[in-house]
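For reference, TrEMBL has these:
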TRANSMEM  26-46  transmembrane segment
DOMAIN    28-309  domain 'Sugar phosphate transporter'
TRANSMEM  105-127  transmembrane segment
TRANSMEM  157-173  transmembrane segment
TRANSMEM  185-203  transmembrane segment
TRANSMEM  215-234  transmembrane segment
TRANSMEM  254-274  transmembrane segment
Amino acid sequence: MALTGASDPSGEAEADSGEKPFLLRALQIALVVSLYWVTSISMVFLNKYLLDSPSLQLDAPIFVTFYQCVVTVVLCKGLSALATCCPGTVDFPALRLDLRVARSVLPLSVVFIGMITFNNLCLKYVGVAFYNVGRSLTTVFNVLLSYLLLKQTTSLYALLTCGIIIGGFWLGVDQEGAEGTLSLLGTVFGVLASLCVSLNAIYTKKVLPAVDNSIWRLTFYNNINACVLFLPLLLLLGELRTLWSFAHLGSAHFWGMMTLGGLFGFAIGYVTGLQIKFTSPLTHNVSGTAKACFQTVLAVLYYEETKSFLWWTSNLMVLGGSSAYTWVRGWEMKKVQEDPSPREDEKSTVGV
């Protein structure tokens, strides 16, 4: 398994499926999906520990996010150097800081900063069990922004699935409030994180040509820009003073957990691409939905929480709506491929 910047894995996957026995391929897929689940769930629980642990008592979410960006930059540079010094060891693009490229990526980096910061702020103020519901409006924002920015219409069936997601979100917020565990601030941060995730996906397509369509180069420049832009925020929000008086500032355990969080943040991009390569984008989305369900159950058990029937219903509505949207979009894309030139009278009934 090699680290790649930008590749088209579909051809490789088809070639592999033709050469390798079914059992071996099934084992590979199981291992890759398991790796994705372990990395993603571990990252969420570890970030929750760093952001809101009673034992740490560190109130510096911007610094935690900043440090994870630093770790990502170091890893990108290290893998690039390794690929240059030892060809064949890893397949990683050469990275050289170009200020002109950094400036062209800067608008996306601002959205990227909002995405990772609001994600961490949401996780700081809400429980892990509610985390998926709190950030569940990403699909809805995808549909809305695709229409507003790209003038792309959405089918009625897809809109109905978005309605299910919105209903699940509001029911989840209502039930959190009924149980006395609702954080309004955390919920607002979750909505903003969903908005930034959608914007990030849209603007990534526009910026990729500036980095030779390499996801790893884009990751490098995004995190470089983020490190620079986070510095004034650390000063303005007083987090440097908070760090100065932090009791565990000299603890090897604390810095080990911080570095591990950065490693997971870097690894999630790789294992996501790996899962898509060995399965398909549709299977990846289904796997992500199943992972979110398992993560919610695990969080309720780990933190020994008791949830109502309607609370669980809200989670099922969000996960079911997300899965249905993925299925509907996949079905529509397949239909377009089979009939790429629909009649004019059909076009008016497809888009809403």
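Even glycines carry a Cβ here, placed using N, Cα and C.
Those TrEMBL annotations? Automatic predictions, nothing curated.
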Tertiary contacts of the transmembrane segment (26-46) (same chain, 6+ residues out, Cβ under 8 Å): 20, 123, 128, 131, 257, 260-261, 264-265, 267-268, 271-272, 274-275, 278-279, 287-288, 291, 294-295, 298-299, 302
Chain residues outside the transmembrane segment (254-274) and at least six past its termini with a C-beta under 8 angstroms from it: 1, 3-4, 9, 32, 35-36, 39-40, 42-43, 46-47, 49-50, 56, 64, 67-72, 75-76, 215, 219, 248, 284
